[in-house]
Amino acid sequence: MENDVKNKPATTLRSNKGILLVVSGAAGTGKGTVNASLMKNHPGYCFSVSATTRAPRPGEVDGREYHFITKEEFERAISEGNVVEYTQYCGNYYGTLKSELEKLDEGKNLILEIEVEGAMNIKRLYPDSVTVFILPPDYETLRSRLVGRGTNAADDIERRMKKALYEFTLVKNYDYAVVNHSGMADCTAEAIASIVESEKHRVSRAPGAVEEMFFLGREESK
């Protein structure tokens, strides 16, 4: 029988279940562009749409940028255990609904773009999730990106830079860190896609596969 497959390439066990991909990065690292590239070039990826209690901005569509719900609805979802993680900012709730995770059962890799605190909460609740932190090439590049936006006041840029430096001290808690060089978002996305594909080949993600290949049915045939 071995001769029948001698010309076939080696294969590895691979999980068909989607992976919860948690992506973080300071403002200006380009994480949004990288995630968009992942979904554009890899049909197996989809984006987790967060819920919020803030009002929609012009051009925003419910279910695309956010799930826009009332404060009462959000708090009820929390009390009923239907919110995976959440935070409050400027008096509004932002969080991930548990229903978003149903996409994983469809085999989709679900991208969850959240800040450091939320990412650590997700990792604690879902140990099989894969956490990736996107870094800028260096300090000055990050600053120039923020300045180049032309939408941030000087004091806001300083605040964001200070926050970024704090977040960089927490990168050690992530599974992976990827540097996003300027103009290379597609390459960064491909690096993350390779990480996810490697994770799908972990034996721990295919429990029972070996038993099914070699032992299932043998006891019955005895």
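Cβ atoms here come from the backbone N, Cα and C positions, even for glycine.
Where the annotation comes from TrEMBL, it is an automatic prediction and has not been curated.
On a predicted model such as this, the values are computed, not experimentally measured, just so you know.
Copied over from TrEMBL:
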BINDING   Gly25, Ala26, Ala27, Gly28, Thr29, Gly30, Lys31, Gly32  ATP binding site
DOMAIN    18-197  domain 'Guanylate kinase-like'
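This view paints the features noted in TrEMBL onto the structure.
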residue	record	CB count, 10 Å
Gly25	ATP binding site	25
Ala26	ATP binding site	23
Ala27	ATP binding site	20
Gly28	ATP binding site	22
Thr29	ATP binding site	25
Gly30	ATP binding site	23
Lys31	ATP binding site	22
Gly32	ATP binding site	15
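The domain 'Guanylate kinase-like' (18-197) scores a mean pLDDT of 94 in the predicted structure.
Gly25 (ATP binding site) falls within a strand segment according to DSSP. Taking the centre of the Cβ atoms of Gly25, Ala26, Ala27, Gly28, Thr29, Gly30, Lys31, Gly32 as the ATP site, the nearby residues of that chain (Cβ within 8 Å, site residues left out) are Ile134, Pro136, Asn180. Annotation note: Lys31 (ATP binding site) sits in a helical segment as assigned by DSSP.
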